[in-house]
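Below is one structure, written out as structure tokens; comments come after it.
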Amino acid sequence: MENNAPETTTKNSMLKNTLLIAKFEIKKMLFNPRGLIALIAFALVWLLILLYPISGASSFLINPDFRGIIEGVFGPNTLSELFKWPVAELAVYWIAALYIFPLFSIFVSADQFATDKARGTFRFLSLRVGRDSLFFGRFIGHMALQCLLLALTVIATILLAITRDMSLLLPAISSGLIVTMNLMIVLLPYTALMAILSLYANSARQATIYAILVWAAMSISIAIINNYLPIISELKWALPGAQISLMINTQGLQTFMYAPVALIQAAVLLFLGKMYINRSAL
Amino acid sequence: MNLVNCKGLSKSYGDKKALNQVDITLHAGSPIALVGPNGAGKTTLFSLLCGYIAPSAGEVNLLGHKPGSPELLGRIASLPQDATLDPNLDVLTQLSFFATLQGYSDKNAKAEAMRVLNLVDLASSAKQKPSSLSHGMAKRVAIAQALMGTPELVLLDEPTAGLDPANAKKIRELVKSLSTNTTFIISSHNLDELEKLCDQVLYLEHGQLRQSVSMNESQHDDYITLTMQHCEPSALIEAVLNLADISSIEERQSNQFLIKHNSAEVYGIEIALLNLFKQRNWQYKALLKGRTLEEKLFS
């Protein structure tokens, strides 16, 4: 390695190392017994969700009487978009995934840094890669893994739909892509916030507890602020997942309406995380 | 270019000053020792040099760059105290990954990992997980990772602590054999070991640099350290004082004597001593030119 590496070389090796860290992170999670057990647990949970709520509820969704009941209970326009999904299975999957995946993300990405930092493993890495590469590499690795699992569940839902009606293949694929993209965007700020909490915590469990505290404290504070100072009620958008309840009643490309919220949140959180890792002791 | 340059380097943890205004300039070459009592700031200094922590005040430069700079990646390696590898992945996988981060291709990374494991005699444990290694083996793996890619500077924090004597000797030999291309900075409590390995010794105490001793200079000291098998100390002291050019003799430890002389011809004193032992039928254990490191630091 040259003493005074040109700027481009440094940047290239930073990008290369970021991707190497991301790749290793995926390998680490998929190809070791603990990772495999987590994966099997995840697959089983989703198998149950697919077999019962999704497969069962979609048959209700197609039924016009059920639509009448839902509109009667929640109001005519609250869940109206749900019935516009061309594939009923994906409509139910959409609701389930919007709530389950963020929760799953909190657990899966809680150990982006905590354990390695506590046992000093980063000390072996930080003399070989920059802290930025380490931070973004781990983040990308955890996002990639979640996207992989997300894609698998979407494919399983599509398969479920086409076993009912083969003609749904094309609309299912296009809706599936929209759902996957949307959920990936939804997960970005969750994973970014967990990266920061994981850097601060000494274990994955501690990071998860911090996450619960952060969400609870922020929700309560936002509710209080909304009550007393409605003028700054827009502060609610600062909390990752603030847009989820509104996303339920969207469909097709309309689902991307709230994507900027998650993207901005993720960008801010990643910037804060980058600053934090560069200032923290390893 | 200086290898290490510290100016007014300080690090505080709350009220406690772990390092206080340390100025150090080190040049590439023979291994450098860092000694000092527990809590003297040795590990803090190592952590600052590696960029694991940031200084509270002062400056530190390695090879002309600040610790953590992209220009230093892969050029500096360290055996950090108490750092362990991931217990879920085998040693070879982790070391190969480190090598890929240092720019090796996948195939060459494996070869480099095996090379360094061979250096510490642990090639046969390559497929083992760190959790199944003994403390000493884990330490040797940690030393192995520090030798990957032939870095310019290697910081070893207590490399032989917890190793059996045979392996400690192997590590010392390894450090000696690699010190032509790499400068080692070694922190240890084993002064005998440092004396054998290092040319320069830095002594830290209460977070301050108290002494910087050159082992080469000690060769020109007007001292001889004599260790006897067994003898009557008072008789030996009296007999030695009667020899020519002897200024003083003191018993420093049991059967170990420090002789100060004022002769430019050291061999004359040594020959006189050996003749004396022959006459009195005294058995000596060691005759050391100069003072031991322990004497230099603590007398």
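Keep in mind that glycine also has a Cβ here, set from the backbone N, Cα and C atoms.
It should be emphasised that the depicted structure is a prediction, and the values quoted were computed from it without experimental measurement.
Taken verbatim from TrEMBL:
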- A:36-54: transmembrane segment (TRANSMEM)
- A:91-114: transmembrane segment (TRANSMEM)
- A:135-162: transmembrane segment (TRANSMEM)
- A:168-197: transmembrane segment (TRANSMEM)
- A:209-229: transmembrane segment (TRANSMEM)
- A:256-277: transmembrane segment (TRANSMEM)
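Contact check: the transmembrane segment (A:36-54) against the transmembrane segment (A:168-197) gives fewer than three Cβ pairs closer than 8 Å, residues 6 or more apart, which falls short of the contact criterion. Counted over residue pairs 6 or more apart, the CB atoms of the transmembrane segment (A:135-162) and the transmembrane segment (A:256-277) come under 8 Å in at least three pairs, which marks the two as touching. For the transmembrane segment (A:168-197), the residues of the chain that approach it from at least six positions outside its boundaries are 85-87, 89-90, 93-94, 97-98, 101-102, 105-106, 109-110, 112-113, 135, 138-139, 142-143, 146-147, 150-151, 154-155, 157-158, 161-162, 207, 210-211, 214, 240-241, 243-244, 247, 252-253, 255-256, 259, 262-263, 265-266, 269-270, 272-273, 276, judged by C-beta separation under 8 angstroms. Non-local neighbours of the transmembrane segment (A:209-229) in the same chain are 106, 110, 193-194, 197, 200-201, 235-236, 238-239, 241; each lies 6+ residues outside the stretch with a CB under 8 Å from one of its CB atoms. Nonlocal intrachain contacts for the transmembrane segment (A:256-277), taken as residues 6+ away from its ends with a CB within less than 8 angstroms of a stretch CB, comprise 113, 131-132, 134-136, 139, 178, 181-182, 185-186, 188-189, 191-193, 195-196, 199-200, 237-238, 240, 242-243, 246-247, 250.
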